[in-house]
Amino acid sequence: MDFEHIPVLLTETIELLDCKEDGIYVDCTVGGGGHAVEIADKLTTDGTLIGIDQDLAAIEAAKESLSNAECKVELVRDNYKNIDRVLNRFGIDSVDGLLFDLGFSSHQIDTAQRGFSYQYEAPLDMRMDQRASRTAADLVNDLSQSELTDIIAEYGEEKWASRIAEFIVRYRQDKPFKLTTELVETIKAAIPAGARRSGPHPAKRTFQALRIAVNNELEVLTKTLDKIVPLLKSGGRMAFITFHSLEDRIVKHKFKELAQDCICPPDFPVCACDEEAEVEIITKKPITAQQKEIDDNPRARSAKLRAAEKL
Ligand SMILES: C[S@@+](CC[C@H](N)C(=O)[O-])C[C@H]1O[C@@H](n2cnc3c(N)ncnc32)[C@H](O)[C@@H]1O
């Protein structure tokens, strides 16, 4: 199967990264290499591009798409939360740019057997890293009703979360969940018919919630944001493309915190905290896709791009 994925906000992202031809850049979610190829294009033989992805299929696809790059290319199958270790392995202390194009690729969702999609019958899997031990089936079979409610409500922003969790627990009393379709039918049974008639597919939010939980996406993002600024050279840039409000909120708040000079309470007469801003936010408002891009690639509709520069 070809690796089908249209890179989102490509021109805007490359512009914001403002690549130096001899710089070191890390695409932390390299996927099929859509953004990485454009970054590599800006680099000469003195430049380096490191691509990280936890999904083997992505690394194989990126190898292919970057095969003609002039710059040095290193591809690493790992979780981006280990970026410090990855750089260490190549003897690199700091880099000129970091890109995070978060979430899943079209390839992942379109590969039925990966179990990301509510549209195909497949094992209920959803692991981006196929070496990870815990699948979506493990979560729906093992978590308590209240844990499931919390996950579906928080990560899926699903108002029917507690009913869905209740129906999941009732279903699994007979037999464990194995397939996506079993979960889809359970969700449909839990959401009243009237509420199901409008809006997105009834399983969309629950599937999003489980995918986030299986891959620990928000915790990984938060912990990575906490440690990446020292990995950037002064003047180096980091860009994040997010696809839902939970991710965007995490990036937005961390950028704000990193860009803050003084964190003393407003009624302090003089600064006593000695805090200094570490970055300058380049995108005062997140960049979103133009209508033309959304028409060509509906996935771009929810994309938000934020970038900051290390001071
Ligand atoms: C939206 S796709 C990236 C697409 C890529 N920019 C392109 O244009 O081809 C996101 C990729 O990030 C990977 N990914 C998500 N979370 C990750 C993590 N914590 N560590 C490493 N890779 C991750 C996924 O496996 C997926 O391949």
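Numbers here mean position along the shown chain, with the first residue as 1.
A Cβ is built for glycine as well, from the same backbone N, Cα and C atoms used for every other residue.
These figures come from a predicted structure and were not determined experimentally.
For the S-adenosyl-L-methionine site that TrEMBL gives as Gly33, Gly34, His35, Asp53, Asp101, Gln108, the extra residue drawn from Tyr80, Tyr120, Tyr155 is Tyr80. In TrEMBL, the annotation coiled coil applies to 52-79, one of the ranges 52-79, 164-191, 220-247. The binding-site residues Gly33, Gly34 differ in how many other CB atoms lie within 10 Å of their CB, and the one with the most is Gly33. Within 10 Å of the C-beta of Asp53 (S-adenosyl-L-methionine binding site) there are 28 other C-beta atoms, taking all protein chains into account. Shown in sequence order, Pro7, Leu10, Thr13, Ile14, Asp27, Leu99, Asp101 are the residues of the chain, 6+ apart in sequence, with a C-beta less than 8 angstroms from the C-beta of His35 (S-adenosyl-L-methionine binding site). Confidence in the coiled coil (52-79), given as mean pLDDT, stands at 97.
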